[in-house]
């Protein structure tokens, strides 16, 4: 027996509503995981936290949030691929940021001022907490 014509719009509406709920919930989970990792990293006393990184937040005003997250990911990869400390946390953070970032971006280290890994992570944590409060 086929579906009645009155039932089809109801099912479509339920499908759309469920899809919207799942996507919104994913945002919360990813951001919460990023914030949790950042909390762990920023409380660690580790010499790697003083490593110099490009100040990716000192980008032009027209830089999108996705481009900024992409640039942060590039700096994190540069650190955890060339140093043996904090690889697990930085790698996980990079993977989670990748889901929020644009696929291509560049960091011009010659023109960019430097900061420390700890400063970068602290600023990222502030941004993520603000983003989480709006999600």
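Cβ coordinates come from backbone N, Cα and C, glycine included.
The following features are taken from Swiss-Prot:
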type	residues	note
SIGNAL	1-24	signal peptide
DISULFID	27-135	disulfide bond
DISULFID	48-85	disulfide bond
CARBOHYD	62	N-linked glycosylation site
DISULFID	70-105	disulfide bond
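Location within the structure of each feature annotated in Swiss-Prot.
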{"residue": "48", "record": "disulfide bond", "DSSP class": "helix"}
{"residue": "62", "record": "N-linked glycosylation site", "DSSP class": "coil"}
{"residue": "70", "record": "disulfide bond", "DSSP class": "helix"}
{"residue": "85", "record": "disulfide bond", "DSSP class": "coil"}
{"residue": "105", "record": "disulfide bond", "DSSP class": "coil"}
{"residue": "135", "record": "disulfide bond", "DSSP class": "coil"}
Among 62, 70, 85, 105, which are recorded as recorded positions, the nearest neighbour of residue 135 (disulfide bond) by Cα:
70
Nearest-integer angstrom distance between the alpha carbons (Cα) of residue 105 (disulfide bond) and residue 85 (disulfide bond):
25
Cα distance, residue 85 (disulfide bond) to residue 62 (N-linked glycosylation site), nearest Å?
34
Cα-to-Cα gap, residue 48 (disulfide bond) vs residue 70 (disulfide bond), nearest whole Å:
21
Cβ atoms near residue 85 (disulfide bond) (within 10 Å, other residues, all chains):
16
About how far apart, in whole Å, are the alpha carbons (Cα) of residue 70 (disulfide bond) and residue 85 (disulfide bond)?
21
48, 70, 105, 135 as disulfide-bonded residues, winner by CB count within 10 A:
70
